[in-house]
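Asker: Sharing a structure, written as C-alpha cells. Questions coming.
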Amino acid sequence: MTDNSKIRVVVGMSGGVDSSVTALLLKEQGYDVIGVFMKNWDDTDEFGVCTATEDYKDVAAVADQIGIPYYSVNFEKEYWDRVFEYFLAEYRAGRTPNPDVMCNKEIKFKAFLDYAMTLGADYVATGHYAQVKRDENGTVHMLRGADNGKDQTYFLSQLSQEQLQKTLFPLGHLQKSEVREIAERAGLATAKKKDSTGICFIGEKNFKQFLSQYLPAQKGRMMTIDGRDMGEHAGLMYYTIGQRGGLGIGGQHGGDNQPWFVVGKDLSQNILYVGQGFYHEALMSNSLDASVIHFTREMPEEFTFECTAKFRYRQPDSHVTVHVRGDKAEVVFAEPQRAITPGQAVVFYDGKECLGGGMIDMAYKNGQPCQYI
C-alpha cells in the first residue's frame, strides 16, 4: 500500500456533505489532511437561508470527527473583486453570467490554491464531481465525474493545467448516493445536510431582490419581434434568453395558446422581445462566437477541430466544429440549437475528457447575429 503520510492535501470544506466525505476519504487513504473553510461573502446584513457561521460549525464538527486540523480564511475581497464585479458587469451588459465558472477559476483554484501553498500543500482537493488522470507524459486530463447527473466539469472548464496538476477530486469516481452512504456510515455531522443551491457562495437568496440591491432596475417595453406591444418588463437584467416564467402575459395575446418566451433583448432601446413557442424561430441559431477561450492542456494558437459541446449545465452534448483563433473561437453546430445565451459558458468535450471552453458572446443564424443584445 502506498504511503501517503508525507503528502499534504488541503481540502476546501464548505460545510456540505461532499467536501466532508472528500476530507474523510483522503484521511482514510493516509494523506496528511488539513481542512479550510472559505468565507467569501459577508452575509451579516442579509436575510439569506445559508449562513457562513452555521457552515463553519459543520466544518469544525466534521474535522473534529475525522481528526484533522482546520482553518477559516476570508476571501471576501477577492470574491468581490474577481467574481462579483464581473457578475454585475455582465448583467449591466445585458448578458447572463455564470459566476460558478469564474468562482472556480479565481477563488477555489486560485486564491484558495495560493493560500493552501502557504500551509505547505502538495495538493488541494474539493468535493467536485470530476476526475483527473495523468498520462505518461505527466499531463493531467480532466474527465467527467462518474455520476452523469452530478458531473461538474462544465463549471471547472476554465481551470489551467497548472491548477489541475495540483488538484485532487476524490469523489469523481463515485455516485452521489454512494457519497451520502459513506457520510452516514461514518456518522458525519453533515450526512443528512441538503445540497446547497443558488449562486456560488451567495446561497439561496431571492435573486431579483438580491440583484436590485446592486443594480438599479430600469423598466421598459416588452414587444414581439414584429413590433407588437406586450406591456412592460421589470428590467432587462431579470430575464434570460429562452426564459418562460415571470413575463406576466400567460397565454394571452396569441391565437395558438402556446406559452411565451424571452427571445431577445435590445440593450440600447431597453426593449425585451418575447415570442410564442418553445422553438420560436428567434431562439434558434446554428453558430456562436466565444471569447476567453481556454484549454485545460496545451493546444495550438490556431486550429480547427470537431468535438461535442455543452452550452449550459445539465444539457446533453451537441456535435460542433470549433475554429480557434487565439482566445476567440467560432463554434458551428451540427444541428440548430435553442436559446444560446450570451454570458454563459460553452464547454468542449472529447468523449469523457473536458477540453476547456469559453464565454458565449453572440449567437448567429445563417451568419446573421440573433436579436439578443
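Using the three backbone atoms N, Cα and C, a Cβ is placed for every residue, glycine included.
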Asker: Have a look through GLY120, GLY127, GLY138 and flag the one Swiss-Prot assigns to the ATP site that GLY12, MET13, SER14, GLY15, GLY16, VAL17, ASP18, SER19, MET38 belong to.
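Answerer: So the ATP site in Swiss-Prot includes GLY12, MET13, SER14, GLY15, GLY16, VAL17, ASP18, SER19, MET38 plus, from the candidates GLY120, GLY127, GLY138, GLY127.
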Asker: At the Cα level, what's the spacing in Å between GLN344 (site 'Interaction with tRNA') and HIS128 (site 'Interaction with tRNA'), rounded?
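Answerer: With distance taken Cα to Cα, HIS128 (site 'Interaction with tRNA') is 20 Å from GLN344 (site 'Interaction with tRNA').
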Asker: Expressed to the nearest Å, what is the distance separating MET38 (ATP binding site) and HIS128 (site 'Interaction with tRNA') at their Cα atoms?
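Answerer: Their Cα atoms are separated by 15 Å.
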Asker: If you measure every Cα to Cα pair among GLY12, MET13, SER14, GLY15, GLY16, VAL17, ASP18, SER19, MET38, GLY127, the residues listed for ATP, what is the largest value in Å?
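Answerer: The two farthest binding residues have Cα atoms 16 Å apart.
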Asker: Return the count of C-beta atoms lying within 10 angstroms of the C-beta of GLY16 (ATP binding site), excluding that atom itself.
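Answerer: 20, counting other Cβ atoms within 10 Å of GLY16 (ATP binding site).
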Asker: Quick check for the class: what is the C-alpha distance, in angstrom and rounded, between ASP18 (ATP binding site) and HIS128 (site 'Interaction with tRNA')?
Answerer: 8
